[in-house]
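Inspection log for the structure reproduced underneath, given as structure tokens.
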Amino acid sequence: MNDQGIKESIETLKEQIRKYDYHYYVLDEPLVPDAEYDRCFKALQQYEEQYPQFLSPDSPTQRVSGTPSDAFMPVAHKQAMLSLSNVFTTDELKAFIKRAIEKLDEPNQQLVFACEPKLDGLAVNMTYEGGILTHAATRGDGAVGENITANIKTIASVPLRLRVSNPPKLIEVRGEVYIPKADFEAYNARARELGEKTFANPRNAAAGSLRQLNPEISASRPLAIYCYGIGACEDYKLPNSHLEQLNLLKEFGFRVSPETRRAVGVEGCLDYYQYMLAKRNQLPFEIDGVVYKIDSISLQQQLGYVSRAPRFACAHKFPATEEMTRLIAVDFQVGRTGAVTPVARLEPVSVGGVTVSNATLHNFDEITRKDIHIGDTVIIRRAGDVIPEVVSVILEKRPANARKIELPKNCPVCGSEVVREADEAIARCVGGLYCKAQLKRMMWHFASRKAMYIEGLGSVLIDQLVDEGIVHHLADLYELDLQTLANLPRMGEKSAKNLLSALEKSKKTTFNRFLYALGIREIGEAGARVLAEHYCDVESLKAATIEELMTLNDIGPVAASHIVHFFAQAHNLEVIDRLLELGIHWPKPEKIQVNQQNPFFGKTVVLTGTLSTMGREEAKAKLLALGAKVSGSVSSKTDYLVAGSEAGSKLVKATELGVAIIEEDEFLKWVNS
């Protein structure tokens with residue numbers, strides 16, 4: 001047989017096995033006996049061993065790599081994998097849908113939702129180029145995940161090649177990897193028989209199995225996957241419906257949950273929630289709630305995102321698993337901002353497969369409202385199936401010697417006064433950086449990956465540096481020397497050099513990361529990014545007023561007040577000045593000369609409808625570059641309304657108020673002039 005004949009035989013076998021895999025793993029409809037499948041598979045293996053020039057990465061034989069990886073490499077997602085905001089009650093769901101409707105151009109409309117079970121597994125992103133699986137990654141931080149390509153290939157229901165003749169140039173497919181309940185129980189039973197470690201729950205089992213350096217271990221675990229969405233997609237027209245996109249994924253060869261449903265409005269969503277809640281225990285996989293997504297992709301794009309979550313989707317969590325135990329003591333922890341948080345110490349109890357011995361009491365308002373005493377028998381719940389909390393007290397079991405929980409007058413760490421403002425539920429230590437607990441938490445935050453990212457500066461080393469009086473302020477970190485570090489327990493010269501190198505590397509940063517690292521109350525990553533976009537340096541931000549700050553997106557009155565207060569404190573400015581003197585720097589944005597004669601300069605502009613030549617974010621960026629202020633709502637202060645096709649209520653309101661209306665053609669002339 002010549003090369004062409006051999007290649008054709010290999011392709012025929014590959015196509016046959018793909019067909020068998022699809023019917024067996026996706027449709028649950030085996031086409032041939034196992035023996036026949038094994039014969040085909042063996043024949044393909046023999047061909048590829050004899051003629052390795054015809055071995056391709058999409059071959060069914062390549063699902064398991066024989067060489068374990070040394071580490072997981074980072075992989076950037078083309079489109080961010082954002083987490084969902086959670087709702088726990090009917091009122092929260094109604095509020096979520098109301099907020100979404102109010103932000104739409106046509107607010108008086110009945111929304112259609114795609115409803116899906118929320119699997120309790122591990123989210124993954126699979127990238128296909130030209131129809132072939134090229135890499136897969138975990139969610140990671142939403143922007144960058146870990147490369148688990150070899151491990152994903154061990155899941156038989158993941159197609160290595162899309163089942164279409166005209167695939168997208170590139171497509172990201174998102175899914176949830178899980179282990180079915182029955183397989184989980186069987187795996188643990190075998191592990192117990194062999195004296196091996198068992199998993200606490202199916203989610204841990206799935207995550208631990210997928211993140212194995214040796215993919216052969218992943219292959220030995222009963223992993224499965226359901227796909228729930230599409231990320232980036234190039235050179236392919238996708239349907240304008242999430243449900244239709246899920247059907248497209250099925251055509252591509254992916255498994256999609258058969259429990260996906262269409263629902264209309266709040267009542268439709270609640271009906272689905274009750275349906276899945278009743279069915280939860282009968283499902284072959286673990287779920288911890290349901291997910292609602294507005295079905296229209298164009299409406300999704302119109303709503304966009306807030307911080308790290310979409311405005312068009314949310315997770316409706318089921319009531320978490322609850323257990324009963326005794327509260328034996330209360331400790332107080334001090335956080336980065338001085339918040340004194342009560343923590344319940346409990347008689348250990350298993351809740352949802354996890355042994356719980358500590359639980360949050362939130363704050364003293366909650367303690368008073370629930371009438372919690374030391375010695376009480378309490379109900380523990382894993383809130384969101386993650387953070388254990390004390391839900392309530394069983395009063396009839398209260399012992400005679402039960403004691404009230406008292407707010408400490410002094411910080412349990414530094415002895416400073418603990419105060420509680422009249423309008424706040426949280427009590428705070430006033431010790432500031434004098435308080436070792438606050439300094440430690442502040443240093444940990446400052447060094448974290450999303451802030452200054454000082455690799456190697458972990459909590460154990462921070463404890464040593466603070467407890468031994470080596471570091472008193474954040475800036476002291478950048479004056480550490482080799483001898484001091486090398487003499488610390490468990491450090492040595494090599495570790496000390498690595499830390500000094502990491503400190504030096506961290507000096508080159510960005511303004512938004514630096515602002516986030518400072519730990520200003522109420523300012524997270526998103527808020528720091530907004531501030532950095534509007535103020536290029538500390539001096540200009542120091543001069544900002546509360547009123548000015550409140551004009552920025554995502555900066556409300558409380559956050560604005562904390563920003564102004566932070567930069568009004570002399571000791572904060574001293575630390576910042578010292579950090580800058582020690583070499584922390586970031587690229588200065590180039591000054592753009594704005595033509596003040598352009599018609600948008602200094603004007604308030606609102607965008608509505610769909611522009612045929614660019615997306616809304618691009619149009620907004622062009623307007624901002626021209627010195628305009630872009631607003632999300634029409635008012636008497638609006639100067640121009642840029643109206644694309646399908647403009648809705650904003651156009652009506654602008655007409656009523658006499659606001660100048662600009663069509664797309666005129667808008668393009670103005671921005672390009």
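Here, residue 1 is simply the first one shown, and the rest follow in order.
Just so you know, glycine gets a Cβ as well, placed from its N, Cα and C.
Per Swiss-Prot, these features apply:
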type     : residues                                                                                : note
ACT_SITE : LYS118                                                                                  : active site, N6-AMP-lysine intermediate
BINDING  : ASP34, ALA35, GLU36, TYR37, ASP38, SER83, LEU84, GLU116, ARG139, GLU176, LYS293, LYS317 : NAD(+) binding site
BINDING  : CYS411, CYS414, CYS429, CYS435                                                          : Zn(2+) binding site
DOMAIN   : 595-673                                                                                 : domain 'BRCT'
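Positions of the features from Swiss-Prot, shown on the structure.
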| residue | record | Cβ within 10 Å |
| --- | --- | --- |
| GLU36 | NAD(+) binding site | 13 |
| ASP38 | NAD(+) binding site | 11 |
| LEU84 | NAD(+) binding site | 18 |
| LYS118 | active site, N6-AMP-lysine intermediate | 22 |
| ARG139 | NAD(+) binding site | 19 |
| LYS293 | NAD(+) binding site | 20 |
| CYS411 | Zn(2+) binding site | 24 |
| CYS414 | Zn(2+) binding site | 17 |
| CYS429 | Zn(2+) binding site | 27 |
| CYS435 | Zn(2+) binding site | 20 |
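Within 8 A of the CB centroid of the Zn(2+) site residues CYS411, CYS414, CYS429, CYS435, the other residues of that chain are VAL334, GLY338, ASN410, PRO412, VAL413, GLY415, SER416, VAL418, VAL430, GLY431, TYR434, LYS436, ALA437, GLN438. For the domain 'BRCT' (595-673), the predicted model reports an average pLDDT of 82. Mapped onto DSSP helix, strand and coil, the domain 'BRCT' (595-673) counts 28 helix, 18 strand, 33 coil. Distance from the CA of LYS118 (active site, N6-AMP-lysine intermediate) to the CA of LEU84 (NAD(+) binding site) is 11 Å. According to DSSP, GLU36 (NAD(+) binding site) is assigned to a helical segment.
Rounded to a whole value, the Cα-Cα separation of LYS118 (active site, N6-AMP-lysine intermediate) and LYS293 (NAD(+) binding site) is 12 Å.
Distance between Cα atoms for GLU36 (NAD(+) binding site) and CYS414 (Zn(2+) binding site): 73 Å, as a whole number.
The secondary structure of CYS411 (Zn(2+) binding site), as reduced to three states from DSSP, is coil rather than helix or strand. Looking at CYS411 (Zn(2+) binding site) and ARG139 (NAD(+) binding site), their Cα atoms lie 39 Å from each other. Taking Cα separation as the measure, LYS293 (NAD(+) binding site) is nearest to CYS429 of the binding-site residues CYS414, CYS429, CYS435.
Recorded residues ARG139 (NAD(+) binding site) and CYS414 (Zn(2+) binding site) have their alpha carbons 40 Å apart, per Cα-Cα distance. Taking CA atoms as the reference points, CYS435 (Zn(2+) binding site) and ASP38 (NAD(+) binding site) are 67 Å apart. Taking the C-alpha positions, the distance from ASP38 (NAD(+) binding site) to CYS414 (Zn(2+) binding site) comes to 69 Å.
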